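Asker: Can you read through this structure? Questions will come right after.
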Amino acid sequence: MSLRLGAISSCTTSSPFPVLQVLLPLSLLLTTLVPATMGAAKIEGRMAHVELRCLCLNTVSGIHPSNIQSLEVIRAGAHCAKVEVIATLKNDKKICLDPEAPRIKKIVQKIMEDGGSAA
């Protein structure tokens, strides 16, 4: 270390630009990651991802009720303008049912009357 008055520390001569070159990409990365994690919501003590689109693209209008293991009815909302009915079959396959089909309406009504055990 020098005690001369004309000596300049290396800290004062370094440019702040390398720090900015690191902070800018880091801040851009964080701005893309934070909104992606905000889509997760805590429901009944577990984490569930909130989809902001309709889940059912194609629907089936005819299925035998004995093939259905469970049924999930998703109301229309900001995520989707229509009601969605998703059935989990006994072979663990999930299919979307047409909520407007008379047969599907009867299946949903029967399950709701039975106490919603297949909800």
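Backbone N, Cα and C define each Cβ position, glycine as well.
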Asker: Just choose from Cys80, Cys96 the cysteine that Swiss-Prot connects to Cys56 via a disulfide.
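Answerer: Of the listed candidates, Swiss-Prot names Cys96 as the partner.
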Asker: According to Swiss-Prot, which candidate among Cys11, Cys54 shares a disulfide with Cys80?
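Answerer: Going by Swiss-Prot, Cys80 is disulfide-bonded to Cys54.
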Asker: Determine the Cβ neighbour count for Cys80 (disulfide bond): the number of other Cβ atoms within 10 Å of its Cβ.
Answerer: 16
Asker: Helix, strand or coil for Cys96 (disulfide bond)? Use DSSP.
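Answerer: DSSP assigns Cys96 (disulfide bond) to strand.
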Asker: Can you tell which of Cys54, Cys56, Cys96 has the least company, meaning the fewest other C-beta atoms within 10 angstroms of its C-beta, among these disulfide-bonded residues?
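Answerer: Fewest other Cβ atoms within 10 Å, among the disulfide-bonded residues Cys54, Cys56, Cys96, is found for Cys54.
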Asker: Determine, to the nearest whole angstrom, how far the Cα atom of Cys56 (disulfide bond) is from the Cα atom of Cys80 (disulfide bond).
Answerer: 10
